[in-house]
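K.L.:
When I checked TrEMBL for this same protein, it listed these features:
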{"type": "DOMAIN", "residues": "1-30", "note": "domain 'Resolvase/invertase-type recombinase catalytic'"}
{"type": "REGION", "residues": "21-43", "note": "region 'Disordered'"}
Amino acid sequence: MQIVGSFAEFERAMLRERTKSGLAAARQDGRVGGRRPKLTPQQQKEIVSLVTSGQKNGPLMLHVCFRVHPSTVVRLLARHRMTEIGQT
């Protein structure tokens, strides 16, 4: 029974190694994993400028315009505030 366990452990180690090397090769090719952002950088800038200029005052109105969840807008604005605080 221990022999079967040893083979399983060896196979798992090989799988882990292949996965790591595949991810490293993808990173070298310029590909990154993860989900694509719902908003483009241009849309993000537009949302921030609308809020800072006072034209739109909340995530509820903006999520209708850009067809994203309100929490997406809230996270974007929070991230913008944090970068503003870090720069000053």
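Including glycine, each Cβ sits where the backbone N, Cα and C put it.
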K.L.:
What parts of the chain pack near the region 'Disordered' (21-43), using Cβ distances under 8 Å and only residues at least 6 beyond its ends?
P.N.:
66, 68, 72, 76
K.L.:
On the 0 to 100 pLDDT scale, where does the domain 'Resolvase/invertase-type recombinase catalytic' (1-30) sit on average?
P.N.:
93
K.L.:
Run through the region 'Disordered' (21-43) and tell me, per DSSP, how many residues are helix, strand and coil.
P.N.:
11 helix, 0 strand, 12 coil
